[in-house]
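Copied from Swiss-Prot, the annotated features are:
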type	residues	note
ACT_SITE	His452	active site, for 3-hydroxyacyl-CoA dehydrogenase activity
REGION	1-190	region 'Enoyl-CoA hydratase/isomerase'
REGION	313-717	region '3-hydroxyacyl-CoA dehydrogenase'
SITE	Glu120	site 'Important for catalytic activity'
SITE	Glu140	site 'Important for catalytic activity'
Amino acid sequence: MIHAGNAITVQMLADGIAEFRFDLQGESVNKFNRATIEDFKAAIAAVKANNDIKGLVVTSGKSTFIVGADITEFGQNFAQGEKAIVDWLMPVHEIFNSFEDLDLPKVAAINGMALGGGFEMCLVCDYRVMSEAAQVGLPEIKLGIYPGFGGSVRLSRLIGIDNAVEWMAMATPKKPAAALKDGAVDAVVAADKLLDAATDLVKQAISGRLNWKAKRQEKLEAVKLNPLEQMMAFNTAKGAVLAKANPAQYPAPKLLLDSLQAGASLARDEALKAEAEGFAKAAVTPQAEALIGLFINDQVVKKASKQHEKGAHPVNQAAVLGAGIMGGGIAYQAASKGTPIIMKDIGNPQLALGMKEANNLLTKQVERKKMKPVQMGETLARIRPTLSYEEFKEVDIVIEAVTENPKVKEIVLAETEKNVRENTIIASNTSTISITRLAKALQRPENFVGMHFFNPVHMMPLVEVIRGEKTSEEAIATTVVLAQKMGKTPIVVNDCPGFLVNRVLFPYFGAFDLLVKDGADFQQIDNVMSKFGWPMGPAYLIDVVGIDTGVHGAEVMAEGFPDRMKPDYKGAIEAMYEAKRLGQKNDVGFYKYELDKKGKKAKTVDPTAYEVIAPFVTGEKREFDNQEIIDRMMLALCNETVRCLEDNIVATASEADMAMIMGIGFPPFRGGPCRYIDQTGVAEYVALCDKYAHLGKAYEAPQMLRDMAANNKKFYG
């Protein structure tokens, strides 16, 4: 054994070839944490000291290659400021450079995921051989940063600026064929041939049949483009990237382009310094803090879900009650992920509608070449439409998705319970109705749970799993595991009106209503909140949700929380409802909707909307300060999120933030309501609440925040 460290071993194979093997002890994956980087340095020194080594094959002892840097170390590193980040990165560059500069050929044998720092490790090798099962990529942009271990410098020299920018800005892992086509890897082989293929490449390089030094030299020099070609390449790249990423919201892509441009005409070492300086600028942004926090929160949510696996009973057969758009979407989602599902309704027209929805979604998958026609047929065969309960004795879980009316749901649920086994789980896809209330219609309330899908089901990643007063842990666990199997992210919440997401959303709509009442133009509110980072403003959002749905939900919330969700005035949303302007569903709401060239509903300004709401505007019509609009909208939403934590509706700030991002489109680069409060400053946020407390209870700071401010505490760190 030439080197035996905690993360890396080096041992001779044959013919002067050594295996440089990453296998981080005590971890399920390889990652570049501090310990691995130190071991990397020691392993390189051991290779340099051994004159018998003529070439290296770089391998992994895990099912993945290397998944990247240790993201949990970022917070501490990035909190030190730009200079400290550069001072941290430059020694890492020296270590990677010393491996690249070894006077012997090096081939990476990529057996699985090689992402971020993992692929940057592959780039310091002279050749890269990839298994057919592997994927490679530099996805750091998703974290609000960009590759910092030399990836931007080496990849742009290897595959050209245009391709490198696309790889890094899109942040999507590449499959073998795409990686080979772009020139990022040199060969793709079957998994069982990987080590042999990599070893053979090393032998060819040692024998001189391959000029590995010339291959390496390309990465050590400036980009091979003259100044005019460089200017054209970067102008094209900037146009494409900045059209998709607003630098005010996502600064990392522009900082990446700036550092690439600064380093393009420089040799490796100077270009790496430019990369480090640009990386440091990105790393200290609030967006990087929020997006890295989001990644860590995602891990927290997945870990919480995984804990339910042992308590779940298997779901070999599911059923959905109600074959509308929602029922059809649920059936499609289950079937497309391999779970057979019965779809029941009371009439053939309804069943036809549900099957049509599933068929349409599958057809789109085939058209986009994400599914083969034969797979579409197999998926449709897993959905069995029926008018009876005959087959329900074989069902492990039933998802009720009938109309959002408590009396209708109670009748359907009670009828269903009589037609299933005693241990069958019954889940209600309700968005606002109390699970504890609905459970009163059942003989076995312990088997009853809420399973709230968001519309459209195939696109929205979140599922709220709602625990009623008598819901068993087995019912929760089984529902969580099914949601995961369906490709969704489940978050378990306790029962209350609106559960978590809608309970938080309705005060946001309430804040909008109050702003309009006080004289704000709803278009200004929409523009301000869109620029703030929401996918759409609140007026447009309520049109998309459906104004009738919004009014019904508001009534449920007002009954549950009369002190802060029951206004003493009629607002613009209710005015639209009374005028039979329901939003997109009947083409008039706050906006008017007409089909565009692609057949999608596009909004246009409708003067009639202003006439409808005019009698309900009591304040003087004026242009509000943009920050006042942001503060009033965000305080109402964030305060209710904190109250959900106070009331133990949701267990952690991590889960609350993830739910708001996945469920209602909270701007990801702001990290969620709790992260937003942290970044505002808890004491400063409480002061804002006090400033607007005269507007009503929704604006009063929750006691949790006052306590946190008094003790200088934050949600994160």
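Cβ from N, Cα, C; glycine included.
Rounded to a whole number, the C-alpha distance linking His452 (active site, for 3-hydroxyacyl-CoA dehydrogenase activity) with Glu120 (site 'Important for catalytic activity') is 41 angstrom. Comparing the recorded positions Glu120, Glu140, His452 by how many other C-beta atoms lie within 10 angstroms of each C-beta, the top residue is Glu140. The distance from the Cα of Glu120 (site 'Important for catalytic activity') to the Cα of Glu140 (site 'Important for catalytic activity') comes to 11 Å. Secondary structure at Glu120 (site 'Important for catalytic activity'), as computed by DSSP, is helix.
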